[in-house]
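As structure tokens, the structure follows; a few thoughts come after it.
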């Protein structure tokens, strides 16, 4: 009881410290969550083949996090964002299975048959993937503060969702996918809008027009109505319709996750002879994302909401290659060999976007890609803009990650989060304050290639491989070129102990 009182008092004092964020302010919050976007794809970080002026403007007019982390791939990244917990906790990997709706679309073209099969399957899954009654999700925090919440794009946690689950996660308004497999195509036959199927004109492929891994099919050959066009129209309408009330808008875009598909090549890259067709298509997807960010910023300004809206821009995980280069190297192959044909490994010959045949250098030379715990797989761009509150052109070395978004938004909105969450607010960093609580470390679970990582506030990084651990000093070796595990046996032992304690740890917030 005493500890509970102390905790509540601490929260009260913390919120009072930021009295400028009083109830009458109620800033709108927009989170743009890119999919597989490596830092190197942004002109803010030196991309030469295309420009991203609108995304860059968020960094230039706001603050850039230089030590910001996601997860190794999309599902755990969404889990950690929406729960405020790291993705190594027990149950974090227990995702709803995907692929069912795509199969259903192919098997039951008649609506009545489709609906019966869909209802039966969803009812059978609800018990297996039930949500704990006391679970608090990200959007629930905004709802508690009286905000209208909206989610556009890819689904929530896992690979399958449904209307009741969407509402339980706290979304008042929803337009997007219910099935992860179809979210890898950009021409779905329909999307879900507040629990109802909404057909998309001209799209007839049950796989949502998903392209091949090569990405060399003719432009515009997969369907008619591009899903991202529906999302941007929906978001702009939502902003206009809710301009007089505070809102939290979360856009989990498909872009630039492949396989690549666009209706047209962007003029900026269409005539670039250095690029293959699939590389031009991929670059055009980045341009679409940037354009849509620009439309959101323009709409806020036109509606008089710019000054009272906080824009967050980040990506779920690091870079991935979804395009065939001129040597006909396929994306999957680039993960196992360097550009000169030398086999890549996880020790002295790590794959990097500047040595593996990636003309874009999408991971900005960092080691490896999505699915790994090396920097190229988990280090993400993170920009925040809040006119009049965040100093333009700022940078921070504060260690932060996706699960910190919950506490940060809660602090902005004058709310508290459940005790036991891993989330720490970085609001003081945004406002230029000094009373910033810091993580001793952050934990990121592993996936197909590596088995997890621990990153400390002192720039040490532990990586678990199948049969060993590696240790890097990111302050001196951000490219992870020198494993110094042998030189620091005591530190290695300490970090391994923490790592093992966090792996499959019981949740403490329920």
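Even glycines carry a Cβ here, placed using N, Cα and C.
In TrEMBL, the annotation region 'Disordered' applies to 201-222, one of the ranges 135-156, 157-178, 179-200, 201-222. Same-chain residues lying 6+ beyond the ends of the region 'Disordered' (201-222) with a Cβ under 8 Å from its Cβ atoms: 102-103, 105-106, 181-190, 258-265, 276-278, 281-282, 322-324, 330-332. DSSP states for the region 'Disordered' (201-222), grouped as helix (H, G, I), strand (E, B) and coil, give 0 helix, 0 strand, 22 coil.
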